[in-house]
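Engineer: Pasting a structure here, questions to come.
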Amino acid sequence: MKNVHQLIAEISEYFIITAVLALPPLFVPHQTGAVLRVPSLGALLFYMAAALFLFLRARSTQSAFPALNTVEPDAAFNQKADAAFRRKAASKRATSAVLSFAARLLLCFCALACSAALWNRIAAFAGENAVHAPLPDEAGRRFPFFSGIIVLACYEEMLYRFFLPEKARRIVSLVFSDPDSAHVSRMFYALAEFIPICLFALAHRYLGIYAVGNALCAAVILRTAVCKKVPIFGLCAVHAAYNAAMLIALFNTAR
């Protein structure tokens, strides 16, 4: 096996991050009628630093994969095209890309909202106690409250949707570099995707079994969006908007 030292380093980093960041939420006890609170300023600074670190490490992991982009057959023709045609074509491509990006983010948000509505209905039908979401009364306290929602959403995306899956895929690519092991590697690639999804879902266990089901669906939706080339920062925005919308909905329902 090639790159043994690199493989050991990748595995060590994966398990250290999993043990330090992904496993502790699994041991938070279930709380009946849980009350959602934003962490303290010190905790939020930690989550901000952790999110940045995870983003940089995941980006470096992605860059280690072989480049998939190749020169298009009509590259020579494009180089000879006049400047006006190129600008017009580039403008159309940019507009199309922006619209496609916005549509995918909206679709992802709607899918998350539908999942939440479904699981909330199931929980209500089963008589599950509602989760309380007390919003601060003072306008000055609402800014840090929603800032915490944004920070935690970015942290979760960087950990569960970006770092852990990409790092695991990198490990699988190092272990199964032989083309003859493609069938086995596909199973491990699937496992690399499955583990972060389960960790994210179980991290919501303290909110109840129905919250776990909703988190499981949300994890599948968000990771599928990543695989469909939706930028990770776009998903951070969607995740934060979804969390804020759900908290506002819970607050208004409780009133």
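Including glycine, each Cβ sits where the backbone N, Cα and C put it.
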Engineer: Given 7-28, 139-160, which one carries TrEMBL's transmembrane segment label?
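Structural biologist: Among 7-28, 139-160, the range TrEMBL annotates as transmembrane segment is 7-28.
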Engineer: For the domain 'CAAX prenyl protease 2/Lysostaphin resistance protein A-like' (145-244), DSSP counts of helix, strand and coil?
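Structural biologist: Helix, strand, coil within the domain 'CAAX prenyl protease 2/Lysostaphin resistance protein A-like' (145-244): 90 helix, 0 strand, 10 coil.
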Engineer: Using a Cβ-Cβ cut-off of under 8 Å, list the residues of the same chain that are 6+ residues beyond the ends of the transmembrane segment (7-28) and lie near it.
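Structural biologist: The answer is 1, 50, 54, 57, 61, 159-160, 163-164, 167-168, 170-171, 174-175, 196, 199, 202-203, 205-206.
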